[in-house]
Amino acid sequence: MPSAFQFQCHFVLIFLAASKGETRYLEVRDASEDEPFLLLSEDLKRELSAGQIYRRSLRCIDMLSIEGQFTFTAEQPQLNCATFFIGEPEELITIDYNFVNIDCQGGDFLKVFDGWILKGEKFPSSLDHPLPASQRYVDFCESGNIQRSIRSSQNVAMIFFRIHQPGNGFTVTVTKNTNLFPCNVISQTPSGRFTMVIPHQHRNCSFSIIYPVVIKISDLILGHLNGLFLKKPSAGCAGVGDFVELLGGTGLDPSKMFPLADLCHSFHGSAQMKIGCDNTVLRMVSSGKHINRVTFEYRQLDLQETENRKENSIEEFCFPSI
């Protein structure tokens, strides 16, 4: 049975890779009444490639992985709405307000959040984001015309809004920009390959995969040599300064996840682990003294592998109810 976290994440996981030029979205509240998926046709993809702007209406709960202009118009009071934006790992997201008609004095709001929030948990975590939590929110009712363009710090962002009066709403334009050194990333797909580089920066970077996965690290370059440890109270890499850790859990925030393993040494080869958690995170901690790099690939665990989890005691943490 899917966990509560997987159920809550359902609408943010149903989308196609941006490289295919496709978008899917799911309205959680009315999923049984409305067609849940919107796939861009081949004709529309050709039109978009010719430079035309993609436009469509937003639902109260929505997911976007494509650039374009998007409009929400309330047909009835909408009190708890959110749109999740995601790009490729090497992309940043810019949200521009084109038109806003909401009643701030009447209790409406329209806020952009730099990252994602789900069930009170944030990605990136407050420990890993370059801005303090209070500066990750941009409230239109407070900033107005002062800040009509907001750029994310990673490949995900979101807006959440409340609109009481039918007919009110807003229009935003979403564009993407290249991020030369992607840091915090949520994967669009359950499988892939990625190289994370932190060039002389004192920061922590997390790569989040919201699936049970097999993850294989094929190349790790750190500024020192040390060892590889399974997490124990008396062991780990916390005192080293530069290391990679693998985390697993049932939520979105890496700082609240269970530490599974530390990798504290540079190597060329292969280190593989099966992690049967709802969410798997590879997190690199960098002191800023070195150029650190890690290359890894991952794929979703199949049903048979998750059923055989007893072969790896680490996976027991990720299936506490079974």
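In case you wondered, yes, glycine gets a Cβ from its N, Cα and C as well.
Per TrEMBL, the feature disulfide bond maps to Cys60-Cys81 (among others).
The disulfide bond annotation in TrEMBL covers Cys104-Cys141 (among others). Under 8 Å, Cβ to Cβ, and six or more positions away along its own chain, Cys104 (disulfide bond) finds Phe140, Cys141.
Per TrEMBL, the feature disulfide bond maps to Cys183-Cys205 (among others).
Under the heading disulfide bond, TrEMBL lists Cys237-Cys264 (among others).
According to TrEMBL, the disulfide bond annotation covers Cys277-Cys318 (among others). Here the Cβ of Cys277 (disulfide bond) has 27 other Cβ atoms within 10 Å, regardless of which shown protein chain they belong to.
Marked as domain 'Corticotropin-releasing factor binding protein N-terminal' by TrEMBL: 52-177.
The feature domain 'Corticotropin-releasing factor binding protein C-terminal' is assigned by TrEMBL to 185-306. DSSP labels the residues of the domain 'Corticotropin-releasing factor binding protein C-terminal' (185-306) in these numbers: 7 helix, 69 strand, 46 coil.
Positions annotated as signal peptide by TrEMBL: 1-21.
Cβ neighbour density within 10 Å is lowest for Cys81 among the disulfide-bonded residues Cys81, Cys237, Cys264. Here the disulfide-bonded residues are Cys60, Cys141, Cys183, Cys205; the one with the fewest Cβ atoms within 10 Å of its Cβ is Cys141. Between Cys81 (disulfide bond) and Cys264 (disulfide bond), the C-alpha separation comes to 42 Å. Note on the domain 'Corticotropin-releasing factor binding protein N-terminal' (52-177): DSSP counts are 11 helix, 67 strand, 48 coil.
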